[in-house]
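Notes follow the structure.
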């Protein structure tokens, strides 16, 4: 295992490469206000980050990643387009033992904010990391969270159902449950049937949630009960999409073969991205495409996603990155900018280099 | 030379202690408190090389994890809540058939539209949009509740810490739902709360655990004998 000095040296080397690629170095604080992170990630982050308290600034977290503070800094006073680089420690609570479970490790990353040509930006970031990692025999996998989103948006069903499915794209288990419910594959529970038939509790009202909020939801449940189920063929196509894996050069044809009409703009974006990668000397046939990539682990990415992984499945990805346009919207207080970036685990990269 | 005794940690008072003593008595091992009523000292008869350590049930998971006791009896809920990756730190030897309690999620009974986790998730989403913050769930079982809700894919909730009188937090407007231990459900009903139909997080009972961190050097054979006498399988440690 690389020691701290070796990891730090690797992070510094990567930072230098990012600067040579035109990035401005940023140095976010190690102590980050917890509120923005908690609001963004919810309790998931509490399980993964160290929370501490400052007598004046309130609840703080030891930096669990760089992306959020870099986006905040850019949204507050960044010029466009912008390229940022950073290197330093991140801190992750670990609830499970294992060799790859460091709770403090060096990350080096590069983030690109550019609204002119998103696919060219995707290719620029991917090619930069591919070049840095080229000698390590890693497997590159790409995906696109926008595909599943486009397929959900294209379903012929109530907007409320589409919104509920879109909200759970990152939680596959709940997503599948809702899909089964909306397509009539699981029976309506007795309690729901009773509710729709008019059964109400006689218990006294308590708590902050109001009777009006409940009535609004019951009205929505009535509308849902009256709507036709999502067609079985649409469910089959959606599941086939989520499970699609193939060499990236064959992905556009494989996606078109699913016959999901509303997918076309997202497929066209994928094609433009693959062309932009090829123009940078990256052969799409050598990349794995996985339409479900990033669904359960890479929560803020909402478009292009990629990882570079070593053969040992016990190791975390050496590099992971992607597009996070929605995150800039959430943190931008009314403003937004398309953004794409990635990070490398510097210590892991040093280990793999040493083994060569 | 290391202390040759196997240290057995037992809850120091109340029903849990009495039931534990009974459980061992049925297996022809007598555990008893010695000295005055207030003194936490004990003795073991009927098993060689076992020393009794009387502890608060809440401290037994920590003492097992640290290896300061070899065996301990406490609720399986406490072990799972207090020890990260609990089964890498302790081995469960035997459920003991008492101290039953369910860790459940409950919401106000007046919420006619919420019966399941699916409903809770949908209500939480609307609640957050309306009130500007995530639906609050009061509990002291942070790890168990968090792991359960993340596994089930429920979103838009947050945990608020409640170390006691948890059922009252909803009426006091400091939480919208609770996750707590219940055996009969009476306290929940008295506070106008109902259990979600799929809101059972863990069925707890008093359990005999063995520490993986304790010094078992030269005590393995004795552990084997004790396990045989208790009618349980000797653990892989």
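Backbone N, Cα and C define each Cβ position, glycine as well.
No curator has checked TrEMBL annotations; they are predicted automatically.
Residues or ranges marked as L-histidine binding site in TrEMBL: A:65, A:66, A:67, A:92, A:107, A:111, A:295, A:300, A:301. The feature domain 'Class II Histidinyl-tRNA synthetase (HisRS)-like catalytic core' is assigned by TrEMBL to A:5-171, A:220-342.
Feature map: TrEMBL annotations on the structure.
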residue	record	DSSP (3 states)
A:65	L-histidine binding site	coil
A:107	L-histidine binding site	strand
A:295	L-histidine binding site	coil
A:301	L-histidine binding site	coil
Quiz prompt | Which same-chain residues, if any, lie at least 6 apart from residue A:107 (L-histidine binding site) yet have Cβ under 8 Å of it | solution = A:11, A:65, A:66, A:86, A:87, A:88, A:89, A:90, A:343, A:344, A:345, A:346
Quiz item: Within the domain 'Class II Histidinyl-tRNA synthetase (HisRS)-like catalytic core' (A:220-342), how many residues are helix, strand or coil going by DSSP?
Solution: 56 helix, 21 strand, 46 coil
Exercise. Using only the Cα atoms of A:65, A:66, A:67, A:92, A:107, A:111, A:295, A:300, A:301, which the record gives as binding L-histidine, return the largest interatomic distance in Å, rounded to a whole number.
Key: 22
Practice problem: Tell me the Cβ contacts of residue A:295 (L-histidine binding site) under 8 Å, same chain only and six or more apart in sequence, or just say none. | Solution: A:145, A:148, A:169, A:170, A:172, A:242
Self-check item: Across the domain 'Class II Histidinyl-tRNA synthetase (HisRS)-like catalytic core' (A:220-342), average pLDDT on the 0 to 100 scale
Solution: 93
